Amino acid sequence: DQFDNLEKHTQWGIDVLEKYIKFVKERTEIELSYAKQLRNLSKKYQPKKNSKEEEEYRYTSCKAFLSTLNEMNDYAGQHEVISENMTSQITTDLARFVQELKQERKSNFHDGRKAQQHMETCWKQLESSKRRFERDCKEADRAQQYFEKMDADINVTKADVEKARQQAQIRHQMAEDSKADYSSSLQKFNQEQHEYYHTHIPSIFQKIQEMEERRIVRIGESMKTYAEVDRQVIPIIGKCLDGIVKAAEAINQKSDSQLVIEAYKSGFEPPGDIEFEDYTQPMKRTVSDNSLSNSRGDGKPELKFGGKSKGKLWPFIKKNKLVSLLTSPHQPPPPPPASASPSAVPNGPQSPKQQKEPLSHRFNEFMISKPKIHCFRSLKRGGATPEDFSNLPPEQRRKKLQQKVDELNKEIQKEMDQRDAITKMKDVYLKNPQMGDPASLDHKLTEVSQNIEKLRLEAQKFEAWLAEVEGRLPARGEQARRQSGMYDGQGAPTANSCAQDRESPDGSYTEERSQENEVKVLATDFDDEFDDEEPLPAIGTCKALYTFEGQNEGTISVIEGEILYVIEEDKGDGWTRIRRNEDEEGYVPTSYVEVYLDKNAKGAKTYI
């Protein structure tokens, strides 16, 4: 009798199942989104190819981070597996089960409705036969009363009495027929009702109960599957986490420190102690260990820049007076403001500020006549990188040359492979002319052979420089220097050959004995005049085109439109030396000023 309530309950059960399906579906979407975000995160922090970041991953800490990124990628893959398994094992199956459940429920309740309608029809028939029987009984009773009344009345004719009697008999017969029909309908209804309540309805309700129980069992199994899908990937996720821990444990601080040492060690020897200079002695010096006579007497001519570096030049000393005279700012000059670029370093670290340099003019002339001193000056303040990397410290130069040789060897191998492929193709064309013309490959084969020859010459040039740095060959003479010039095409810069001549087999920078004597004599002759000489004469004037903030040592600040004196031209490094007054002078970028040289001044050049 709770047919309607059961219908509502089963519909609620299906709604619960659909709600659970929706929950699992949203969980799979979250897993997919999480996996995608993890993969994007891992990809974002992956080192870019052919970039500086790729070089950083030599260090163990960076390798561990890279392993972490890879493990996170695998970790994201497991969340994708969770999403796929939940979709296939829960969402898809439950959606199909819900459709079957709805169809079965519809069929069961259709049968129930049909049984209900049949019972209602039987009841209506019973009621109809009952009302007819009741009506016929009443009509028979009235007919009988009318007959008795007519029979008792003496004024009524015999024919009327007979007619009333026949009518009463007819009514009695109809009542009997209605009674039989009613009895038959009643028996039929009772039988149908018994079958309805004891057979049809229990059977339908049993089917509905089994359907509902299957739904409940299925949702429980789905919840177990939901947990099992997560549990299945836990071991793999654990391995991913173990991989991260293992990578972290593999970090070796000593190894990273050693890599830094190998990457940045210069190969120079540390400078010696700076000797005490006693200014309380008379201007005329007595014979001492620093004097030229003593050096000659000992037979060890050494160029001493206020220290004890025996025959070695330490290019990073900033307290050395003589080196200070030969240096301009280290960095290349910044471009004018209109063409500034991110690579420009307008206010980078500079050389020591020069207040008064009475000997600079003489040393500049000396540098022009002595290329090696000019080369040392170029090494100090940087500039364009020479082809043989002679501007780098020995160890760094060796690495760069080795890297260049390896690159050239790879290119040579690549060209040789290409030549072999073309040769094989030509042989195929010769054997099978219908496939192609062999002569069409001659031009390409010649071009590849020429490329191989050029690369081999280039590789030999760099191997010779590398051999010299590593001490496998003696210092280069004039012939080797000429060969280097041939390789360079237009002639190697003076800085290159100078840097190579200064390099000793052990990788440190040295000067030849004759050069040491010349520089030493010059330093001795003018040492007493170091602080007493007059400033350099002006060789022209200049006008500041832009404002330059000379905040570093060796530079001077200028304001746009300011007129100043030029005391030293640009030596090819992009810097011009100017003076504002007797006490203010320094370097400014040549591109920041417009120079007007005095044609009568000594050493002045004519600009067209």
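Using the three backbone atoms N, Cα and C, a Cβ is placed for every residue, glycine included.
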Choose the correct range: of 34-61, 342-369, 370-397, 398-425, which one does TrEMBL annotate as coiled coil? Give that range.
398-425
Grab the same-chain neighbours of the coiled coil (398-425) for me: Cβ-Cβ under 8 Å, and only residues 6 or more beyond its ends, written as numbers and ranges.
267, 388-389, 392, 436, 441, 444-445, 448-449, 451-452, 455-456, 458-459, 462-463, 465-466, 469-470, 507
Please list, for the domain 'REM-1' (391-468), how many residues fall into helix, strand and coil according to DSSP.
72 helix, 0 strand, 6 coil
Looking only at the domain 'SH3' (537-598), what are its DSSP counts of helix, strand and coil residues?
3 helix, 29 strand, 30 coil
